[in-house]
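Student: First the structure, which I've put down as structure tokens, then a few questions once you've had a look.
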């Protein structure tokens with residue numbers, strides 16, 4: 001049972017947690033890099049990094065202060081839980097988190113939770129928790145069984161495909177909303193159509209594709225996604241999605257976010273925002289970092305108990321990588337800059353260029369073609385929607 005009174009006595013004194021002047025999110029890693037899988041491309045050096053589960057005192061401090069530091073007028077506060085494998089924290093951990101959220105949430109503010117998992121530990125008890133509290137689940141999966149078993153084995157080198165599919169089936173049975181997250185690497189480039197069909201056959205309505213980061217174990221294993229293969233794969237997904245007339249039935253987040261950004265001038269992804277730095281990461285020991293893919297000394301912002309969250313957000317926003325991500329000359333004259341914005345700073349090569357640039361250009365050029373005749377405002381959005389009602393195959 002969570003002892004709120006005892007936790008309050010352990011709090012580091014704060015006269016008041018000041019509000020951040022800008023919206024921000026913190027991705028929480030309650031068990032750090034701990035995981036039951038041994039993915040070949042994982043960016044965490046698991047053999048070298050100590051693993052510690054977040055204790056109750058730090059969990060309470062984080063939730064209390066994260067809620068208090070949100071900008072004035074915030075109507076929804078989203079908690080994102082990731083790992084490693086965050087389910088290793090245990091059911092009781094998330095029940096405590098939910099109780100704390102309910103205690104500290106101001107009147108009129110909605111609390112939501114998202115969790116990214118490999119799916120292999122999901123059971124009925126987890127699904128009941130997810131369903132009752134409206135969790136959105138992101139489930140990492142390779143494109144097919146052969147890819148999954150080679151690239152995402154368990155700690156003993158055994159297959160994880162069946163366990164992941166069992167988790168997906170349980171999410172369906174309990175009517176838990178989820179999306180499939182697919183890490184794209186060179187081996188997949190020629191098989192986009194088949195991979196798309198297989199993923200949709202699993203009943204997935206939301207798909208998200210993420211380029212493989214070449215860091216950590218990914219470098220040691222020789223992974224290096226090329227710009228050509230990234231573009232080739234994503235165009236293949238786009239064309240298969242159109243061919244099957246899946247608009248409105250299957251939501252490919254990479255496409256939907258770019259389309260929304262074209263008309264609204266705002267991005268739902270830090271990767272393609274005009275600047276980044278407002279999506280922080282906190283490890284189980286309270287260390288804050290500017291970016292999930294830049295967990296290193298250079299981008300370390302300090303501990304939760306060393307500063308206010310508003311100060312941490314301000315420091316993150318001011319880091320050069322966040323300020324200058326789309327200021328390169330080639331970006332300024334690019335015809336897809338409005339939805340690309342230079343991509344992720346973690347993808348820059350030694351010359352300061354995004355190593356996926358050509359792939360983004362090819363993909364965005366294709367998917368923006370149907371939108372070009374329409375003005376980039378809400379009137380254009382309304383006109384575009386009206387023009388393509390019932391003609392999903394042309395969009």
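The count begins at 1 with the first shown residue.
In case you wondered, yes, glycine gets a Cβ from its N, Cα and C as well.
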Student: Check Swiss-Prot for me: it has 270, 276, 291 binding [4Fe-4S] cluster 2, so pick out which one of 340, 344, 357 it puts in that same site.
Tutor: 344
Student: List, in sequence order, the residues of the same chain other than 41, 84, 152 whose Cβ lies within 8 Å of the centroid of the Cβ atoms of the recorded S-adenosyl-L-methionine site.
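Tutor: Sorted by sequence, the hits are 35, 37, 38, 39, 40, 42, 118, 140.
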Student: From the Cα of residue 292 (active site, proton acceptor) across to the Cα of residue 152 (S-adenosyl-L-methionine binding site), what is the distance in angstrom?
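Tutor: Cα-Cα, rounded: 20 Å.
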Student: Measuring Cα to Cα, how many angstrom lie between residue 340 ([4Fe-4S] cluster 3 binding site) and residue 291 ([4Fe-4S] cluster 2 binding site)?
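Tutor: That separation, Cα to Cα, works out to 18 Å.
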